[in-house]
């Protein structure tokens with residue numbers, strides 16, 4: 001690569017060929033404002049249509065202003081980023097965007113996190129000189145995502161991530177000119193489309209156009225209801241990100257403070273989804289070993305590789321996109337749903353209460369969980385195993401509503417018995433974590449030997465598609481790992497073509513796994529935040545006394561007192577499920 | 001969007017069209033042209049079949065259909081009337097002719113008369129500026145149209 | 001001519017007719033009869049000679065003597081001297097401005113024939129559906145010569161030497177564009193002919209494709225050979241069914257004769273052409289939007305660079321040229337680059353086809369050498385302004401161009417001059433406007449067009465043009481304030497400066513050029529709520545003249561909104577607040593009592 | 001394929017032959033009576049009735065036993081005068097007529113084609129072509 005020398009704001013800069021002016025300026029501390037631009041190399045996501053025109057700057061010798069995000073540096077280029085002409089152009093462009101944007105900042109779900117709001121503040125916009133007609137679109141409220149497309153600024157991030165990274169293809173730019181907007185086909189509601197609710201569009205949307213459904217009020221109503229015993233479960237990835245909502249460094253572990261806050265909010269029992277993660281390992285691990293041994297004994301009807309099934313967005317993805325393969329993934333429910341089933345049977349019996357008296361609330365880094373708990377197979381005569389699923393962001397809002405000074409809380413412990421978990425449970429929160437937890441237990445169950453080193457570094461990392469071979473005392477197991485539905489599709493196509501050399505595959509819909517879920521505090525495209533959260537998860541695992549799921553005493557107690565053994569009839573009834581052939585085409589009412 | 005039932009033979013013809021363009025997503029616009037000629041318009045179900053055959057998302061097809069003014073998701077009239085609103089025709093009074101058509105047919109631009117006989121739309125430029133103002137009904141081109149002629153033209157159908 | 005020995009042609013074009021050319025013809029007929037030459041001399045009224053400055057024009061056939069600025073009084077002398085005595089009437093002969101000598105007949109006076117047809121050379125001469133007529137006029141011999149005698153590099157040199165520039169509107173040197181595409185390395189490249197022609201009021205590409213499709217095919221093959229491409233695509237708008245039909249026939253015939261397909265002229269060079277249809281989107285005239293449309297996507301442009309020459313259709317190097325640009329290529333190889341570069345001006349050689357339309361008498365497709373002045377085009381070729389009205393402005397370059405006025409009439413037409421004066425060449429649409437056209441509503445008309453055709457991808461164009469249109473709407477409804485004029489200018493300038501593609505960067509031109517050339521008209525709308533040209537209906541005041549109105553109550557009965565009051569036999573009054581300016585009352589009033597202020 | 005032109009020389013021969021054949025056509029048959037008429041059949045021409053004019057010309061000339069060839073061509077540029085036709089009497093310069101509906105066509109046949117009298121409304125050719133430049 002040859003080197004390019006140029007001048008930006010009278011400062012000399014040296015960059016590799018192909019670098020854009022935006023990146024060159026950033027490398028010497030000049031942050032040129034931009035809006036539609038977002039780049040996350042590790043997740044091979046790059047959105048720079050060059051459409052918002054906020055990042056225009058002056059290049060000597062050029063007739064009009066150049067978009068910094070798209071224009072590559074050339075030798076001897078002279079760039080000026082804040083001449084009067086540039087500032088006037090930038091302010092006018094932002095005024096134009098604001099002129100077709102509802103001025104509802106005070107009540108908007110994205111207020112305080114909105115990139116357009118921040119831009120308007122930085123530029124000191126006090127008046128919109130060019131007002132006129134505003135575009136209006138049909139509202140759309142799905143179980144997980146709310147679309148208020150009047151707030152759409154056509155940055156195309158959601159369209160790019162849904163089509164290129166997730167390959168689900170729900171969204172596309174529609175119409176032309178002033179009425180253009182990004183929408184599903186026929187501007188139908190999301191819950192009629194093939195949307196998997198992975199929430200990545202919400203994670204990248206710069207404004208309040210795409211936000212999560214808010215169930216905080218429903219939780220408050222349950223808490224104040226004297227007849228109800230309110231039980232809460234917190235997902236592994238929440239404890240690695242909740243702190244960011246209160247100004248803490250990304251990657252700060254706030255497990256103890258989270259539990260303390262939940263107790264102060266009035267939850268009767270504060271439990272941990274990690275417990276159900278260990279339970280999932282028991283069920284899924286056994287199912288995998290059962291298939292593996294039958295396969296090795298020559299039973300051709302056995303379907304390998306086994307695919308993990310704990311991510312609801314991934315489940316809805318293969319139900320829509322690969323309906324003919326719905327018998328390949330593990331039949332085990334996700335930890336959220338296993339927890340609900342156990343809470344409303346085993347635990348309800350312990351408290352000798354009816355299941356209807358219990359309200360199970362889950363705190364998840366994810367939007368698809370909101371949809372998952374509403375699936376009819378996860379309820380018994382109308383009473384859902386998990387009543388409400390809220391996101392990390394919603395929990396932060398609840399804590400603020402209760403005037404709790406989160407940062408100064410002392411640590412507290414989860415309640416027993418469903419609060420106890422192992423290191424294997426907590427690493428569910430990151431890509432590669434579920435399969436590592438499964439391997440830790442399956443190794444010992446299969447070989448009967450003690451597993452000395454529990455860390456399997458070869459399963460870890462951030463690359464979209466990863467392969468690893470694990471040695472089960474002589475028997476080589478090929479493991480595949482994919483995060484991001486686009487990568488999942490590649491593995492699926494191999495499996496469909498019978499070319500897949502894997503025995504087991506772990507798939508998570510969100511890039512980075514659950515730490516990058518659609519319900520987490522906004523990362524605004526900064527991938528380092530995801531990496532820091534991932535390290536925090538592995539730190540929590542390392543700090544745990546017990547590191548393998550089958551050594552969790554309360555899991556052993558659950559089996560001895562209630563379930564009997566993994567894959568027992570009761571286990572099947574409570575902890576396993578089946579999938580549906582969802583037509584690829586939407587059902588238009 | 002009411003689900004439109006497309007007769008089975010038409011669905012078959014539609015798949016044949018897609019195969020004729022060997023299901024190449026790059027040929028989407030040519031496929032949509034032939035589909036619209038086949039059915040007169042492009043309802044949601046047609047777009048879904050095209051999306052399936054060309055292996056692209058339905059949203060992508062809908063995005064293309066709503067981008068180009070030639071494609072319509074509503075059935076056009078038996079005799080689609082298009083008024084040329086190019087500069088030459090505008091300068092020679094095309095607006096008055098349009099007003100006259102609107103008044104007589106009592107529909108707005110983009111709508112179809114209740115009996116489905118006429119639909120009214122504006123065209124950017126037919127390219128016969130010598131005959132400004134120009135209107136087309138189906139394939140036929142009428143030149144030098146004045147508001148007074150509108151009645152005579154409509155009576156021809 | 002069997003019977004008549006002599007024909008006297010009297011120009012009957014509307015320009016000359018306005019200076020009584022009909023009476024001249026009548027006088028000559030009378031004089032001919034008096035000298036009993038009636039059965040030898042036929043007097044004929046003709047269409048416009050295209051020399052209206054010197055009208056009325058009388059031409060004697062067969063000796064082609066050309067008399068100018070003839071008056072009805074000269075009729076007798078003409079008949080006596082010329083027809084009877086056979087002597088030319090010196091004082092009426094045309095004096096050549098350079099040589100100051102009287103020109104005896106029109107043969108040496110090709111000065112008055114202002115047009116030169118290169119791109120349109122075969123249009124109207126050959127049957128477009130018969131390849132043999134094209135071959136008979138040297139068709140495909142340029143391709144044959146290039147394939148047999150030129151290396152691709154040398155052929156590109158010829159195109160560069162000719163100085164040909166893009167006729168689509170931008171004026172980018174064609175030779176350079178071919179060279180850039182040649183330099184990009186790839187095993188697959190494409191030649192694309194841009195026949196989207198979205199400009200309203202422009203129809204030259206259609207006429208070329210309908211009249212002489214083979215010249216485009218031949219040129220595309222030559223371009224393919226030069227840049228190393230074996231595939232050509234013609235992107236044509238769906239609104240041109242006849243051009244599509246003729247193109248298909250031409251492609252079939254060209255394949256049959258081996259001018260398309262494999263091993264053309266035995267040179268081992270393969271090239272074939274397929275047709276891709278537009279679907280009604282003006283923005284697809286822009287190169288990158290066109291390419292996306294051909295890839296079955298929404299016609300949204302992308303930021304350049306990369307230029308299509310490096311990465312175009314299907315990511316491969318693609319050379320996009322306009323129909324008219326291609327139509328010039330075969331002639332350049334037949335007649336040579338020097339012959340071509342000597343036509344027009346040094347920096348803009350060759351000719352340009354214009355679609356002359358609007359308030360001009362001879363609406364038509366004309367092709368003039370670059371450097372011809374607007375006056376010559378509008379008055380000499382166009383036959384002046386319709387129904388004797390006063391010329392006000394001419395709009396070139398369609399929605400991306402600007403308005404030029406009286407003071408620009410003598411400017412030479414070429415790329416640089418038009419851009420320097422706030423307009424641009426564009427594809428060649430030329431709409432003439434007269435005193436009755438309000439420049440603010442013309443600007444609004446173009447903005448209405450751009451708002452409708454904007455692809456919506458970038459905010460300055462998607463939202464900015466909408467706001468420009470709304471501002472102009474306000475002004476034409478008489479609700480504009482002083483500050484709106486400065487807002488208009490700043491917004492237009494910013495859109496021009498920041499929009500992503502050519503459409504957005506030029507869409508404010510109609511506003512800026514009307515603001516610069518007709519500031520007083522904007523002020524009249526804003527300050528006095530008046531529309532000088534009387535076109536903005538909202539600003540028209542319908543008024544009843546009390547001393548003409550006899551109180552017959554006819555107007556009050558026909559008024560749809562009861563804006564007219566007054567009892568029988570007394571002068572009536574129109575309440576301008578209620579009046580919707582429909583003009584029904586004015587039509588009904590038999591006494592001419594109602595007028596518009 | 002028989003019609004495939006294999007090289008430049010073959011093309012030149014074909015061109016000369018075609019040019020010749022066009023002239024031959026004139027020479028072989030009764031040259032003095034042969035009339036060539038070109039009807040401008042562009043979109044605007046057709047829209048203004050060029051198709052009717054063309055078929056009228058063909059039938060009428062046939063009935064009146066005039067040996068003529070009527071062919072279609074592209075746009076000659078006189079939009080204001082469509083439909084336009086160009087009539088070339090043998091040995092004469094081509095003359096363009098404007099606004100040629102069936103009535104005008106009849107007048108052109110009667111006066112110009114049969115008797116060589118010019119007809120009102122002829123359009124002087126106002127442009128050079130590259131042949132004579």
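Each residue, glycine too, has its Cβ placed from N, Cα and C.
Curation does not apply to TrEMBL; its annotations are automatic.
Neighbour density for residue B:89 ([2Fe-2S] cluster binding site): within 10 A of its CB lie 30 other CB atoms from the protein chains shown. The [2Fe-2S] cluster binding site annotation in TrEMBL covers B:84, B:89, B:125, B:129.
In this entry, nothing among the binding-site residues B:84, B:89, B:125 has a C-beta under 8 A from a C-beta of chain D.
DSSP classifies residue B:89 ([2Fe-2S] cluster binding site) as helix under the three-state reduction. Each of the binding-site residues B:125, B:129 was scored by the number of other CB atoms within 10 Å of its CB, and the largest score is that of B:129. Under DSSP, residue B:84 ([2Fe-2S] cluster binding site) is assigned to a strand (E or B) in the three-state scheme. Around the Cβ of residue B:84 ([2Fe-2S] cluster binding site), the number of neighbouring Cβ atoms within 10 Å comes to 30.
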